[in-house]
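Participant: Following this message is one structure expressed as structure tokens.
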Amino acid sequence: MIPPEIRRSVLLQKAIKLALAGTLLTFASFSATAADPSSDTETPQPPDILLGPLFNDVQNAKLFPDQKTFADAIPNSDPLMILADYRMQRNQSGFDLRHFVDVNFTLPKAGEKYVPPAGQSLREHIDGLWPVLTRSTKNVEKWDSLLPLPESYVVPGGRFREIYYWDSYFTMLGLAESEHWDKVADMVANFGYEIDAWGHIPNGNRTYYLSRSQPPFFAFMVELLAQHEGDDALKEYLPQLQKEYAYWMEGVETLQPGQQNQRVVKLEDGSVLNRYWDDRDTPRPESWVEDIATAKSNPNRPATEIYRDLRSAAASGWDFSSRWMDNPQQLSTIRTTTIVPVDLNALLYQLEKTLARASAAAGDRAEASQYDALANARQKAIEMHLWNNKEGWYADYDLKNNKIRDQLTAAALFPLYVNAAAKDRAAKVAAAAQAHLLQPGGLATTSVKSGQQWDAPNGWAPLQWVAAEGLQNYGQDDVAMEVTWRFLTNVQHTYDREKKLVEKYDVSSTGTGGGGGEYPLQDGFGWTNGVTLKMLDLICPQEKPCDSVPSTRPASLSATPTKTPSAATQ
């Protein structure tokens, strides 16, 4: 049951729709594919729909340095009344749009800057951050874009004032390391609640994120909780795991070879794989002006097509990267929806394997066998279609040109991470990553310098963890150590200088936060905190844990993966 505070009145939805009918015609390309309020009264609408032309005018006026500010603003009264006032006042002499916004909306508060106690080690600093980054939103203001959740949760930090899907798994690794299993359980419960409420886990708990998900790490979260609670966790969340899988596979039963539907594709040989997809094809409310400018820069493409590809890249977590573009220097050439990502399909393989394990734990052997069969079929499809034999690494498949892409990215490590790679191929991936992506400060996301944040020279904590654990899974301990040691050194040097952990790092050297992208570098930072704690355990023996990165590189990693390799690794 969805709490009443996140419902929208049918009458209000219809009133807004009728009141704005004439004005919204101007913005038809922005809202044409938004969900019809009358068709689903359970789904709250994002601010660009609730506020129509007012939202567009405020964002285009660039009243705030960050477009996310107004997307997160809370109307002080019924949006219908605010819109009526706006229509009456906007053409009057002396009308001040900023004053109108200040009177009618509560803007998000800037978070207080956290000043850590002097002399803290890296571990002490991270442990002290957990309560600082913890939020509770059981109740939210009416018309708020924030979606309530039943339990407390940890946010990434900075401008990210809400929970994010894939970020949270890496944050939870750190929470578990800090023995905050109660917080791990709370966050898994929140995601299970979202699956029950919306049919999927949205990008984040905002109304404007409901049209897409993110990399599907829920299975990993449940497996993590099962390390503490045993198979009871698997049995408890089996229904939500099944619903998550149904979301990603929706429409597969009607697909013919060569067809796609939302997040699922069927290749010409009948292989079934997945892609990222956003249900809307409008500018993102949190990046409204930027998306409109991107679409205008390429008049040869329909704006709605560009908007959906931008949104789908946000769903991938890699927003943005040359990985999704025809021209790495031109964002408007993005075509995320025509690319089958290797990392997404590795994660869905893991979801299928977890479903098999959870079904077996629940005593349903027949269903477990069915999920195992689906996982085996996906593994074969990954090996057949997402392996670049010429280059010697896993890569994405190009639906537009019906061929494997040549670009090497850190996503190539995901089949190793989920134990879905053949052993000889894993060795080739390790060699390629070491030769082309490994830098003094860690693993680069790609080797392309596009100015986008998911490209060189940036390295991101979750990709360092995926690489290190994936390489360990296949006995590539030397390369795993290099990734771990170099990234930790980068984190430590940056912390020594700035007394903070950041969202991303420049891995071309050590001690510098990353750049590029749509917003300034953010600190906090949830997934960096989690990965740092786990990596500290990798380089320090269990009998002598370290609170900071040692000055001397250890000879070998002290921990080994706990996951059982699949048949492909034997």
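Each residue, glycine too, has its Cβ placed from N, Cα and C.
The following feature annotations were taken from Swiss-Prot:
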| type | residues | note |
| --- | --- | --- |
| ACT_SITE | Asp319 | active site, proton donor/acceptor |
| ACT_SITE | Glu503 | active site, proton donor/acceptor |
| BINDING | Arg159, Trp166, Asp167, Asn203, Arg212, Ser213, Gln214, Arg284, Pro285, Glu286, Gly317, Glu518 | substrate binding site |
| COMPBIAS | 554-570 | compositional bias 'Low complexity' |
| REGION | 544-570 | region 'Disordered' |
| SIGNAL | 1-34 | signal peptide |
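I would like each feature placed in context: is it buried or exposed, what are its neighbours, and how far apart are things?
Facilitator: Neighbours of Asp319 (active site, proton donor/acceptor), defined as other CB atoms within 10 A of its CB across all chains, total 22. Classification of Asp319 (active site, proton donor/acceptor) by DSSP places it in coil, neither helical nor stranded.
Secondary structure from DSSP puts Glu503 (active site, proton donor/acceptor) in coil.
Within 10 Å of the C-beta atom of Arg212 (substrate binding site) sit 24 other C-beta atoms, taking all shown protein chains into account.
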Participant: Who sits close to Gly317 (substrate binding site): which same-chain residues at least 6 apart have their Cβ under 8 Å from its Cβ?
Facilitator: Trp166, Gln214, Pro215
Participant: If I restrict to non-local contacts, at least six residues apart, and a C-beta distance under 8 angstroms, what lies near Pro285 (substrate binding site) in its own chain?
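Facilitator: In sequence order, the residues whose Cβ lies under 8 Å from that of Pro285 (substrate binding site) (at least 6 apart) are Pro46, Pro47, Asp48, Phe55, Gln59, Gln67, Ala71, Ser145, Tyr208.
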